[in-house]
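Visitor: Under the heading transmembrane segment, Swiss-Prot lists 1-21. Positions annotated as region 'Disordered' by Swiss-Prot: 66-136. According to Swiss-Prot, the compositional bias 'Basic and acidic residues' annotation covers 77-89, 96-107. Taken from Swiss-Prot, the feature compositional bias 'Polar residues' applies to 108-130.
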Amino acid sequence: MFDIGFWELVLISVIGLVVLGPERLPHAIRSVMHWITTAKNMANSVKTEVTQELKLHEINENMIKASKQGLSDLDPELQKSIDEMKETAEQLSRPYKKDIDDIKTSLDKNPSGTTQQENSILDSSKTTPPRQDKNE
């Protein structure tokens, strides 16, 4: 990573031994190794995030291009993801399909949008209530 050879490491070790002494040198080496490990992990994390963002950006651009060109000649990976989304949407709507079909058929039979029970309630509400005497 830093392109440091064997003799450079020996020189750094000797200088560290002279400056820090034999008691504090192992602790200093552990601290430096911990910092280096943390820096490597952070760099790998940033690298994976950038890779994911670039892939998302590429997919987004492909989707925009596909919507402009139509869905005829898509990238196979993009076509696969679109098919998966359609299948998921279909699976989510399956439990409600029977209810939707029932509602459509009832609306086709009764275009006003009210059921027979609602019609009977509406008809009964149209009758005038019995007249009450003022003396009571």
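Including glycine, each Cβ sits where the backbone N, Cα and C put it.
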Visitor: Work out, from DSSP, the number of helix, strand and coil residues along the compositional bias 'Basic and acidic residues' (96-107).
Guide: 12 helix, 0 strand, 0 coil
Visitor: Mind checking how the compositional bias 'Basic and acidic residues' (77-89) divides into helix, strand and coil residues in DSSP?
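Guide: The breakdown for the compositional bias 'Basic and acidic residues' (77-89) reads 13 helix, 0 strand, 0 coil.
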